[in-house]
Amino acid sequence: MSFRVCRTCGGADIDVDQARGSAVCTGCGSVLEDNIIVSEVQFVEGSGGVSSAVGQFVSADGPVKAPLLGSGFHTSVGKESRAQTLQSGKRQIQQLGSQLQLNQHCLDTAFNFFKMVVSKHLTRGRKTEHVIAACLYLVCRTEGTPHMLLDLSDLLQVNVYILGKTFLLLARELCINAPAIDPCLYIPRFAHMLEFGVKTHEVSMTALRLVQRMKRDWMHTGRRPSGLCGAALLVAARMHKFRRTVKDVISVVKVCQTTLRKRLTEFEDTPTSQLTIDEFMRVDLEQECDPPSFIAAQNKAKMQQLEQELARKLDEVEGEISCYKDEIETELEKSRPKLRGIYAAYTKEIDPEDVEVLSSTSEPEEREVEDAELQAATQHLTQDFLCQVIQEEEEEGRANKTGDGEQEVGPEKEGVGPQRQVAPLAVILGKLPSSLDLQQTFQTFSKSETCHKPDDEDSESGELDLEGIDDQEIEKYILNDNEVQVKTELWMKQNAEYLKEQQEKEERIRKEKEQGTYKEKKKKKSKRKEQIEALTAGEAIEKMLEKKKISSKINYDVLRDLNSRGTGSGGGSSPSRASSDPPDPNNTNTTTRKRLNRRRRKKTSEANQDLVTNASIMGKRFRRLISSTSKKKKTAPQVETSISMTTKPTETAAEPSPEPEPDVSSTLSAAPPPVEEEEEEEEVEEECVSALKLVGDYGCEAEEEDVF
Amino acid sequence: MDSSNDEALDIIVTNVVATFRTRCHLNLRTIALEGTNVIYKPEVGKVLMKLRKPMITASIWSSGKIICTGATSEDEAKLGARRLARCLQKLGFKVRFSAFKVVNVLAVCSMPFAVHLIDFTKNNRPIASYEPELHPAATYRIKNLKATIQVFSTGSLTVTGPNVQNVATAVEQVYPLLFECQKPLCK
């Protein structure tokens, strides 16, 4: 710090003491500065003699504005939402990461991922837990730590596939290409957990060799790496004379017994399994195997082939046998005495029938259908050609000629030709009433369209094309009456509970209707906010109340008079009843205009909305106020306005009007939000007598009570 | 389909899903009681109807929207849908057949070679993803075709897309990529 020279002696030698915060001239000894700002760490003794440093932690990635001084709120008061999210995310990452024993570098990387995710709005609609788990797993994969997704799901008690889905999505969105999992990564971890003691390293190495062999034998693609590791470790343990059972291994590796057994059998099938232990350690077989699932598929195919061959052979044998059979029978017949006369005819008839009956019982039906389809196909082919011809005709000529042509073709095509370009058009035209105009329009219609005719026209006309549909077959799908009865009974029995519930519900509704307390519960409809178009707030309320008839105990005429008289009063704000008189809108306009002028802060739109919604509440208010249960005041301010209103009309109107009316008008005007009251109060203050001034805010309540 | 190959690849379409509308309100209870092969689920609010001729299953809602699954080709799906509409017509509803659309097509295909999934994924990084812990196949998504191909290590593929043409194109597109990472079979 460069100081100027000393004031008294002019010496430039000034001693600055940081601890005391003072600057002293060494020449004359005068103190130049007393309270220099010190940048030292200070310590404070806390309870129990613990000394702690004074100061606050300001995080590097915290909010930009300075943290609060004074009583430091350590929670996020005054921080923005994004910072809060990041902070809580960081906390969760630390928590979860420490459970997984990840180092700080990994956790920081995970937090960076999380920041990226948040900035891309990928956390929306997802549980933060899942997102954080996915970020952590992403880090594990990029760093190559031996953590499985299963571990994370164990910690969080969440389904692995859900986490996997989130993880895949994040990896894709963040364009992070996680390297594929290598089973070799997991071996040291599992080996450690299996407690091999001193020989852990050796067992791991053997297991690694096994896994690499498995890889080359195509056992590892498409399989969970943990299963392979388990199998390898089991074999390695046995090789080194450790007795690890399948159960031990599966508890560590987290796979099922069946899986492990399967891997072992697959390994058994490879030629490597035939080697002895020493050979295995030394020699590496070059031959590679096919993936086990492929081998399984091949075996299946082989089995099928074998079966087919067997079947064929059987057929051949059968054929031979039947030949012999025929020969024998013919011989027998020759030797039999022949029938003569009438009976000869009978013998010939029976045989062929039997044969036919035996062999083709189901064929006729199929044949029929097949024939129908064939017919349809042939007809389609011929008529497609015809259609084209007709189309040309249509293009050339118009209504007269083609109308006839279409009519001719139409009936032919009905229900036969499949949907091609013009066929459906003709069909539809054939079915339609034969007004030429319609046909004309359809012609033009068909010309304007292109190949999408069939579908469009189907959708336009909605007609169901019946081609290729066998009605008889469809009849089978529908039950006849008896069957319907039986089914009805069965269904009723099955769904008895559901039906009961429905009945009870209906009964309840009926009862309520009778009682008159039936409220139609419209589940999905929200409060109906009618879109009332009005220029001002007052008008809006007027219109609203026109629609809503709130009470029969109100003399609307008097109200209207009130409104007409009450200029600048809150009565103006009170919407007139039923049919609003001409002067009233003017009044309301003027009053509201005045109000608008006076309005300082609040927006008119807000007020309008509030007016409308509050007007709906007014109905309830009315009854209460009228029935003199005024003590139940929902909001004091509204009550205030009621009072201010009572004062105004009584004075301006100068009527000893029946109490309900001013109350009514006052309650009407009570609708507006507090802001208006302020202005009303102002109005009151300006125009009316100093009742309010004298009494003050709470005094208004007392006045109201007097009024009632 | 067989761009760089001598033999032809068989793409077998196994499932076609289609939707259509009947443009009229349907009474599910009537359908349930008067039709054969129907399953009524009042909790969900739909009726499952199974047809034999084109082997399809249809989910029928009371609004008149119907989803047809199980057909083996697009035409079959349309035929089945029309049959179904005819059946409903006979039950007495004023059915009109409109807005028929094939929504999804599922096909399987088999390569004559095995595929090394890890290499395949490495070569096609963002488009392909392989997560052995979750699913044994590598997923390859073609965005412009809106098709998804699942590649198994044995060389069989499962392709899903909006129509049969897209599926065929997808297989054609992915074939050369698979060819690179192939592993010739021993036997």
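A Cβ is built for glycine as well, from the same backbone N, Cα and C atoms used for every other residue.
The domain 'TFIIB-type' feature in TrEMBL is assigned to A:2-33. Packing against the domain 'TFIIB-type' (A:2-33) from elsewhere in the chain are residues 40: each is 6 or more residues past its ends and has a CB under 8 Å from a CB in it.
TrEMBL lists A:296-334 with the feature coiled coil. With a threshold of 8 Å between CB atoms, the same-chain residues lying at least 6 positions outside the coiled coil (A:296-334) that come near it are 290.
Per TrEMBL, the feature region 'Disordered' maps to A:394-418 (among others).
TrEMBL lists A:397-415 (among others) with the feature compositional bias 'Basic and acidic residues'.
According to TrEMBL, the feature region 'Disordered' maps to A:446-465 (among others).
The annotation compositional bias 'Acidic residues' is assigned in TrEMBL to A:456-465 (among others).
Here TrEMBL flags A:500-519 (among others) as compositional bias 'Basic and acidic residues'.
What TrEMBL records for A:500-538 (among others) is region 'Disordered'.
The annotation region 'Disordered' is assigned in TrEMBL to A:561-689 (among others).
Summarising the annotation, TrEMBL assigns compositional bias 'Low complexity' to A:574-591 (among others).
Per TrEMBL, the feature compositional bias 'Basic residues' maps to A:592-603 (among others).
According to TrEMBL, the feature compositional bias 'Polar residues' maps to A:606-616.
Residues or ranges marked as compositional bias 'Basic residues' by TrEMBL: A:620-635 (among others).
The compositional bias 'Low complexity' annotation in TrEMBL covers A:646-656 (among others).
According to TrEMBL, the compositional bias 'Acidic residues' annotation covers A:675-688 (among others).
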Spatial neighbours of the compositional bias 'Basic and acidic residues' (A:500-519) far in sequence, C-beta under 8 Å, 6+ residues away: none
The compositional bias 'Basic and acidic residues' (A:500-519): DSSP-derived helix, strand, coil residue counts: 16 helix, 0 strand, 4 coil
For the domain 'TFIIB-type' (A:2-33), residues assigned helix / strand / coil by DSSP: 0 helix, 11 strand, 21 coil
